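Listed in TrEMBL for this protein:
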- 1-20: signal peptide (SIGNAL)
- 63-398: domain 'Plant heme peroxidase family profile' (DOMAIN)
- C73-C185: disulfide bond (DISULFID)
- R100: site 'Transition state stabilizer' (SITE)
- H104: active site, proton acceptor (ACT_SITE)
- D105, V140, G142, D144, S146, E159: Ca(2+) binding site (BINDING)
- C106-C143: disulfide bond (DISULFID)
- C191-C394: disulfide bond (DISULFID)
- P233: substrate binding site (BINDING)
- H263: heme b binding site (BINDING)
- C270-C302: disulfide bond (DISULFID)
Amino acid sequence: MLGPLARGAIFLLAISIVLCTVDDLRSDATTSAAVLSLDDYEEDTGDDSSSFSFTFPETRPRGLVFGFYDETCPDAEELVSSTVRKLYHADPNVAAALVRLFFHDCFIHVRTNKLRARLLIICDAHARTRQDAVFSWTRVQGCDASVLLDRVDDGRKSERDAGPNQSLRGFGAIEAIKQRVEAACPGTVSCADILALAARDSLVLVGGPAYPVLTGRRDSAQSFYYDVSGNIPAPNATYAMTLDAFARRGFTERETVALLGAHSIGKVRCRFFMDRIYNFAGTGAPDGSIDPDMVGEMRAVCGGDGAAPMELGYYRQGREVGFGAHYYAKLLDGRGILRADQQLTAGSTVRWVRAYASGAHGEEVFREDFAHAMVKLSALAPLTGSDGQVRISCSKPVEDN
């Protein structure tokens, strides 16, 4: 059977034969590029931060629908929701863990492929020419539950082994949900859909907005260890690095700032920010963008070496964890825990930070923007239809179950 590159080459050659001139080929290529561009994702770039209206484009990929399991497993979404509630009441930290797990699953796999080919352009029996061309395209494989897979028996590493994923939690929670769903509907509901639904239900439990989750995803049969590094924004990422990581997946600046608001419910281990409070960028001093009082608080929690598994969060009052725009207010006060968070106040993104931190109206806008951005993230290049598989255990591909 021909591989994807061979099939692509044959397809492109077939196209070239029916074209009459090189100019026509260039024209058609330009048209195709316009259709595939991300320029349809518009945002207000004016200076008036009080203007919040903007429209999201249609983001529903083929194969995802509302109520995909209505006939095959009508109780699927309720089973997920009720199990998440039970897990949350036993350990409230599971909510942030499941949201982060979902983000890392959807955000990982981006690959650019290139195909070099010599095209034969035939107009008639007497007019023909050859032209070298390079075709490139980006393949994005997103919400496919690949992050849930264990290392395989032959020693190949999984995404869970990669540095950015070694602190992920929530795998046991997903397995618990899967087992309950499997008992009701064997081999029917994918782990990718369970993770997408569980992340939404977790956000609702901690005070986040409810948003619709389309279903119909299928599970990847493999994990992508080597694609993790460089695709997940690091805790110490700069402003430019964070925006680039999101932009490569089609997210606007505004959507990026909104999605990072999920940090309002999480807790950060000391080892991820120790350099900011003791020796930032080799200066021997704290990061100057942190409020001095915040430096003292962070040192008091973490100690001198940061070896203890202590955590800090964007608490609302005391140590109360909950979803909300208080995260942005803390950034404006220089109380960002991660450099990647505080950097949102260092460039043009500060206008959205200020907008979301501007009281009740800002909170309302943030919740709406966040919900829209999560719908978009949830639809990021899933496997659907006959692609992929439906695992029985979320940590193992079908042939290993």
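Using the three backbone atoms N, Cα and C, a Cβ is placed for every residue, glycine included.
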One of the binding-site residues D105, E159, P233 has its Cα closest to the Cα of C143 (disulfide bond), namely D105
From the recorded positions C73, R100, C185, H263, pick the residue whose C-alpha lies nearest to the C-alpha of D144 (Ca(2+) binding site).
-> R100
Under 8 Å by Cβ from C394 (disulfide bond), counting only residues of that chain that are 6 or more apart | A145, L148, F171, I174, E175, K178, C191, I194, D219
Cβ atoms other than its own within 10 Å of the Cβ of C302 (disulfide bond), all chains, total 21
Rounding to whole Å, the Cα atoms of R100 (site 'Transition state stabilizer') and the residue listed as 'substrate binding site' are apart by 12
List of residues, in chain order, with Cβ under 8 A from that of P233 (substrate binding site) and at least 6 apart | M241, T242, A245, F246, A340
Of C73, C106, C143, C191, C270, the disulfide-bonded residues given in the record, which has the fewest other CB atoms within 10 A of its CB?
-> C73
Looking only at D105, D144, the binding-site residues on record, which one has the least crowded Cβ, with the fewest other Cβ atoms within 10 Å?
-> D105
In sequence order, the recorded positions (C73, H263, C270, C302) whose C-alpha falls within 10 A of C106 (disulfide bond) | none
Name the one residue among D105, G142, C185 whose Cα is closest in three-dimensional space to that of H263 (heme b binding site); these are the recorded positions.
-> D105
Please report how many Å separate the Cα atom of E159 (Ca(2+) binding site) from that of C185 (disulfide bond), as a whole number.
-> 28
Determine, to the nearest whole angstrom, how far the Cα atom of C73 (disulfide bond) is from the Cα atom of S146 (Ca(2+) binding site).
-> 23
What residue among the recorded positions R100, E159, C185 has the most other CB atoms lying within 10 A of its CB?
-> E159
Among the recorded positions listed as D105, S146, C185, the Cα nearest the Cα of C302 (disulfide bond) belongs to D105
